[in-house]
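Have a look at the structure below before the remarks.
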Amino acid sequence: MGQRHADAHAVLWPRYGLTVDDGDRTPLDLRELFGRDAPVVLEIGFGMGDATATMAAADPARDYLGIEVHTPGIGNLLALIGELGLTNVRVARGDAMELVHRLAPDSLDAVHVFFPDPWPKARHHKRRLIQPANVALLRDRLHPGGVLHCATDWPDYALAMSETLAADPRLSPLPATPHARPRTKFERRGEAAGRPITDLRFQKI
């Protein structure tokens, strides 16, 4: 962790950070976490956090709860929170689905899963985040009308995502919306490698 990230972590983690422990099922009160009652967006695997910070800065009426496991990304998002003066972002460290288990049903306005690990080898596909059981849990945490937005640059994962999301009887596909999210580092990397970008948006019905 660089000095900028380390300084931000030391100063801002106590206020904006949340550690997610495996097996902890203590309900998480989002109003208490953010200090207000506002729609909440869950960002799963926010990478370096640049897109999360950009969206939160442009969308102050909603709160953004991001979760990541990699320390550099956590440090960078904390630094951005400080530099941009963001009050509507909280940063969680740990397993995303462990966090989701702690959220109340119908408590989220949106869930973003942007460029998750594609686990390209067939024997590792079971480790992919977008699986039927996980989708059902994420959908349960969305309020009716809430949106699950996934993006990937791996065509076979895009197909698997599309089939899994379409198979959920309480999710309805939404039309593609250009510029619905900021571009990410992983997106630019995929484009540079010649991989197509797929966005999938589904609404809870």
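Cβ from N, Cα, C; glycine included.
Copied from TrEMBL, the annotated features are:
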BINDING   E43, E68, D95, D117  S-adenosyl-L-methionine binding site
BINDING   K121, D153, T184, K185, F186, E187  substrate binding site
REGION    170-193  region 'Disordered'
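E187 (substrate binding site) counts 21 other C-beta atoms within 10 Å of its own C-beta, drawing on all protein chains shown. Neighbour counts of Cβ atoms within 10 Å were compared for the binding-site residues E43, E68, D95, D117, D153, and the top value is held by E43. Closest in space to D117 (S-adenosyl-L-methionine binding site), of the binding-site residues given as D153, K185, E187, is D153, taking the CA atom of each residue.
Sequence-distant neighbours of K185 (substrate binding site): residues of the same chain at least 6 apart with a C-beta under 8 Å from its C-beta are G47, M48, D50.
In this structure the alpha carbons, written CA, of E187 (substrate binding site) and E68 (S-adenosyl-L-methionine binding site) are 17 Å apart.
Neighbour list (F186 (substrate binding site), Cβ cut-off 8 Å, at least 6 residues apart, same chain): G47, F114, F115, D153. Taking Cβ-Cβ distances under 8 Å and a sequence gap of 6 or more within the same chain, the neighbours of T184 (substrate binding site) are G47, D50, A51, F114, F115. What surrounds the S-adenosyl-L-methionine site, by Cβ distance within 8 Å of the Cβ centroid and not counting E43, E68, D95, D117, is the set I44, G45, F46, I67, V69, A96, P116 from the same chain. You'll find the Cα of K121 (substrate binding site) roughly 23 Å from the Cα of E68 (S-adenosyl-L-methionine binding site). E68 (S-adenosyl-L-methionine binding site) falls within a strand segment according to DSSP. Within 10 Å of the C-beta of K121 (substrate binding site) there are 8 other C-beta atoms, taking all protein chains into account.
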